[in-house]
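Annotated features, as they stand in TrEMBL:
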| type | residues | note |
| --- | --- | --- |
| SIGNAL | 1-19 | signal peptide |
| TRANSMEM | 60-82 | transmembrane segment |
| TRANSMEM | 88-109 | transmembrane segment |
| TRANSMEM | 169-192 | transmembrane segment |
| TRANSMEM | 204-227 | transmembrane segment |
| TRANSMEM | 233-258 | transmembrane segment |
| TRANSMEM | 328-349 | transmembrane segment |
| REGION | 353-381 | region 'Disordered' |
| COMPBIAS | 361-381 | compositional bias 'Polar residues' |
Amino acid sequence: MSGLGLITWAASGLQLLSSKLVHPVYFPYPWAPVLHAARISLVFQSLGRKNDANWKQLLWGPYIFGYLAACWGGGVITHLLLGLPPPHFYSFHPFINYITVHLVLTAVINRYPQILVPKIFDTVLFPLDGLLRAHAVVSAISLLASPSISTPLSGLSQPSPFKAMDTPFGHMLLGALASAFGGIALNTLSLWSNDWKFTTPPILKASIWGSADVWGGALAAVVYSSSVHANAFAVPTVLSAAYFPLTLLPSWVLNIFFKPGFSSINFAEGTKPYMHFTFPIIYTLLGLKNTDIVAVPEDPTAEVNLEEIRAPLMQVVGIDIGTIQAKALAAVVLATIFGLRVLVTHWLVEPPRVGSKPKSQDSGSSTSVGKGDTQSRVSKR
C-alpha cells in the first residue's frame, strides 16, 4: 500500500469510527467510544486476572470504577486543564456505553478465558489503537477552539486565560495526556485491584517503548497541529530570544523544517512575515503535498522602474493539508509507533529457556504495561 493509500485508509477509518453508530435504536453510540471501551476492558481484565486470588476477591465497585478511571483519565484531565467540564460529568451516556461494553466482555471472557492473550490482541489491533489514540489526541487539541476559550470573555477584550495553553508545549502536553494519562493512572493506582494504592508512576521508570504512549501522543499532536498550520506552530522569519532554542539552529536547518505561509508574502495585507513548522520527510514518504510555489507580489511601497521588466519572483510556501488528512497522518504515525513496539516487545524478545529461572526485576526483566487511553500491553517474561 502506498503512503497516500495509508492516509486514505486512515481517513476512512476515522470517519467511520466517529460518525457510524453501532445501532441507531438499540445502541446509538459511535464506534469510536465503543471500541475504546472494549480495548480498555481487555487490558483491564488481563491485569486483574494475572493474580487469580485478586480476581476471585475483586469487588464490583473497584472493578467498575477503576475501569472507568482508566478509560476517562485522559479526557477528564485535558478538559480540566482548559477549564472545561468533562462530558462524563454532565451526561449519563458515557456511563451506559462504557459499563455495558465492559460487562459484556467480562461475561464473554469469564466463559472463554483462553481468548484473553494480550500478545495476540496487541499484534492484531495496533492499527485500531493508532486510530483511536489519534482521535483522542485531536479531540483534546480541538478543545482550544472551544468558544469559551477562543472568544473574549464578556466585558473583556482578551480571550480566556486558558488560551495561554495554545503554544507548542501546550499542544504536546495535551496530546501526551490524552494519549497516556488513563494508563498512567491505571498502573500508578493499581486500579484493577481491590486495594488502590499510590506508587511511583511506572512511566518514570519505563524504557523508550514503555513510554511510547507519552511521547507518541506528543508527537501526534505536533504532526496534526503543524499540518493544519495552527498558530502555535508559526514563528516569525526573524527569531528573537523568545524563540530559544530555535535561535541556536543554523539557517539551513530552519529552512528545511519551516516554510513561509501564504499571507506572509503578501505585502498589501500588511501582515508580518512568518513561517510554519513542517515534517517534510513524513510528507514526502506518504505522498502528501504540503508546499506550493507561488509568485511573490511586488512591494507596493517600492519605486517602480518602467524600463526594467522582471519575471515574477517565485517562492516555496507551506500549505495546510486539511484537518482530515492531518488527523489521518497522526493516526498513521501512532500506528507505526505501536506496531514497532509490538514487534520489539512481543516478537523480538528471546523466549525463556526450558528449566531456567525467571530473571528478577533487578536484572532488567520485568512485566511492563503500556500506558494510554486507547491501548495498553502486557509483555510477559
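Indices start at 1 and increase along the chain as displayed.
Even glycines carry a Cβ here, placed using N, Cα and C.
Unlike curated records, TrEMBL annotations are generated automatically.
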When counting Cβ pairs under 8 Å to the transmembrane segment (60-82), the leader among 88-109, 169-192, 204-227, 233-258, 328-349: 169-192
Chain residues outside the transmembrane segment (204-227) and at least six past its termini with a C-beta under 8 angstroms from it: 133-134, 137-138, 140-141, 168, 171-180, 183, 233, 276-279, 282, 290, 320-321, 325-327, 329-331, 333-334, 337-338, 340-341, 344-345, 368, 370-372, 375
Other parts of the chain folded back onto the transmembrane segment (169-192), taken as Cβ under 8 Å at six or more residues beyond its ends: 40, 43-44, 47-48, 54, 58, 62, 66-67, 69-75, 77-78, 81, 133, 136-137, 139-141, 143-144, 198-203, 213-222, 225, 230, 232-233, 334, 369-374, 376
Other parts of the chain folded back onto the transmembrane segment (88-109), taken as Cβ under 8 Å at six or more residues beyond its ends: 27, 29, 33-34, 37-38, 41-42, 44-45, 64, 67-68, 71-72, 75-76, 115-116
